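These notes concern the structure reproduced below.
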């Protein structure tokens with residue numbers, strides 16, 4: 001019984017040591033470039049509608065209403 005317990009403890013210690021030396025994997029963030037929506041018309045006042053239109057119609061990653069002088073415009077974000 002004591003031999004079994006020492007094997008379990010040894011396996012646990014080996015697992016802890018292995019986990020301590022494991023490097024965390026980091027995913028590199030992809031840069032996004034912005035440009036005004038080509039399908040949006042008028043002043044942008046609804047972020048969700050702008051986002052959906054950018055994603056569905058222009059195949060962008062994201063979209064939002066941003067202030068660009070003189071009004072809010074729908075801006076789409078694409079991978080650079």
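Glycine is treated like the rest: Cβ placed from N, Cα and C.
Of 30, 53, the one with pyrrolidone carboxylic acid in Swiss-Prot is 30, while the others lack that note in the record, though it may still apply to them. Highest Cβ count within 10 Å among the disulfide-bonded residues 33, 44, 65, 76: 76.
Recorded residues residue 50 (disulfide bond) and residue 65 (disulfide bond) have their alpha carbons 7 Å apart, per Cα-Cα distance. Rounded to a whole value, the Cα-Cα separation of residue 65 (disulfide bond) and residue 74 (disulfide bond) is 5 Å. The Cβ of residue 54 (disulfide bond) lies under 8 Å from the Cβ of 37, 60, 62, 63, 74, 76, 77, each of these being in the same chain and 6 or more residues away along the sequence. According to DSSP, residue 50 (disulfide bond) is assigned to a helical segment.
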